[in-house]
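To start, the structure under review is shown below, and the notes come after it.
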Amino acid sequence: MNGSLDHPDQPDIDSIKMFVGQIPRTWSEDQLRELFEPYGAVYEINVLRDRSQNPPQSKGCCFVTYYTRKSALEAQNALHNMKILPGMHHPIQMKPADSEKNNAVEDRKLFVGMISKKCNENDIRLMFSPYGQIEECRILRGPDGLSRGCAFVTFTARQMAQSAIKSMHQSQTMEGCSSPIVVKFADTQKDKEQKRIAQQLQQQMQQLNAASMWGNLTGLNSLGPQYLALYLQLLQQSASSGNALNNLHPMSGLNAMQNLAALAAAASATQATPTGSSALTTSSSPLSVLTSSGTPSGQPAQSAWDAYKAGSSPTSSTSSSVNPMASLGALQSLAAGAGAGLNMSSLASMAALNGGLGSGGLSNGSGSTMEALTQAAYSGIQQYAAAALPSLYSQSLLSQQNVSAAGSQKEGPEGANLFIYHLPQEFGDQDLLQMFMPFGNVISAKVFIDKQTNLSKCFGFVSYDNPVSSQAAIQSMNGFQIGMKRLKVQLKRSKNDSKPY
């Protein structure tokens with residue numbers, strides 16, 4: 001169907017083929033032409049029909065092509081979500097057809113930064129007009145109407161935009177700007193969504209820093225003072241190695257070690273004391289000193305150390321039997337305060353113990369168990385340091401893990417294999433591997449892909465070389481929010497059991 005005689009045989013090179021939905025199934029091409037022609041000369045209308053019926057019936061949608069791009073955009077602005085046709089319940093849907101996506105606005109739109117605030121739209125158009133026809137030029141302005149020093153420029157073709165980037169990016173430094181001009185493709189909606197998710201993930205990882213090491217100590221409530229002593233031993237050894245965090249108070253590691261010693265002494269005294277009383281009194285307890293926020297930096301540790309040297313006694317009638325392991329959470333104030341930076345290795349060892357003590361095999365205080373406990377602590381240093389303090393942990397250590405695990409489907413021992421639901425659509429094998437590496441040695445990480453669409457099914461498997469790591473991952477990552485959903489992390493079903501764990 002050709003248009004009127006005052007038009008060429010073909011539409012303009014930048015014309016758009018539009019898809020139109022929510023039209024009556026009884027309408028013919030002539031009726032549709034009457035609908036579209038008020039906005040410009042129509043080159044072609046093609047009603048989509050169901051060929052399985054005889055005669056073929058309209059599907060209630062069509063394609064329309066105007067001679068000019070301007071006419072198509074005017075029709076879209078006037079009709080899309082604006083007009084409801086007779087017999088229909090929803091407004092017309094009008095948008096560029098899928099075949100036009102290769103010339104979508106996002107592929108032709110440039111962001112221009114570091115421009116002089118004295119420039120107006122005409123100046124920017126003049127600057128970019130040598131590279132092709134400009135469809136739109138807009139300077140970003142604040143509430144006061146003043147330029148923010150950046151703009152969006154949309155060309156009619158992607159090649160023009162690419163030429164502008166190649167010639168203009170960092171080609172000059174404009175008046176009042178500290179850096180050369182920036183010319184790049186503007187962020188698409190997908191780019192913005194990915195940035196939002198990444199920012200949200202970073203914030204949640206920061207929250208995880210505190211929770212992953214201190215919030216998970218509740219499972220250790222039944223353990224005795226020998227484990228406190230081991231914490232102290234690990235802290236002493238790591239402090240003597242000189243592997244302390246930079247930019248923190250030099251005495252903070254010693255302070256933490258002294259406080260742990262006081263805690264260990266108090267815990268020992270607690271077990272030696274009858275049930276009715278406790279060495280951890282409200283008046284002289286090292287814990288009460290530890291949690292005091294009004295004391296200047298350095299003094300809490302010294303006070304606790306003095307209490308340890310002098311010995312604690314149940315002098316208060318309101319003695320409480322505070323659980324020594326649960327009370328370890330008081331050390332969080334040391335790690336969070338300005339004067340309290342625990343040695344990195346000691347934090348890692350403590351976090352490793354936190355994961356290692358959760359397994360059923362480490363339930364008594366025998367010598368062999370203590371040796372196994374120490375081994376578990378040191379083997380987990382790198383893994384759990386990344387989980388507890390990712391912002392302070394060297395990324396090079398993470399890269400030492402077997403990156404080839406991404407995409408493989410190798411299974412670990414019983415209880416070391418995880419099933420992860422609600423993964424973001426854009427997550428791949430490598431993303432899954434990076435997310436679960438901090439909790440242990442990952443031997444495989446696989447996101448499942450739909451073979452027909454080649455898109456993620458939003459679930460996957462992760463396998464560790466030991467069950468302790470998988471439990472630590474479940475404890476920290478189950479319920480972890482990414483975007484609008486929360487991850488669901490659980491053990492993979494046993495080969496010998498049809499029911500989940």
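Every residue, even glycine, has its Cβ placed from backbone N, Cα and C.
As given in Swiss-Prot:
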COMPBIAS  274-298  compositional bias 'Low complexity'
COMPBIAS  312-323  compositional bias 'Low complexity'
DOMAIN    16-99  domain 'RRM 1'
DOMAIN    108-188  domain 'RRM 2'
DOMAIN    416-494  domain 'RRM 3'
REGION    2-196  region 'Binds strongly to URE'
REGION    274-323  region 'Disordered'
REGION    397-501  region 'Binds strongly to URE'
Q: Could you please provide the mean pLDDT value for the region 'Binds strongly to URE' (2-196)?
A: 89
Q: Using DSSP, break the domain 'RRM 2' (108-188) down into helix, strand and coil residues and give each count.
A: 22 helix, 26 strand, 33 coil
Q | DSSP helix/strand/coil residue counts for the domain 'RRM 1' (16-99) | A | 24 helix, 28 strand, 32 coil
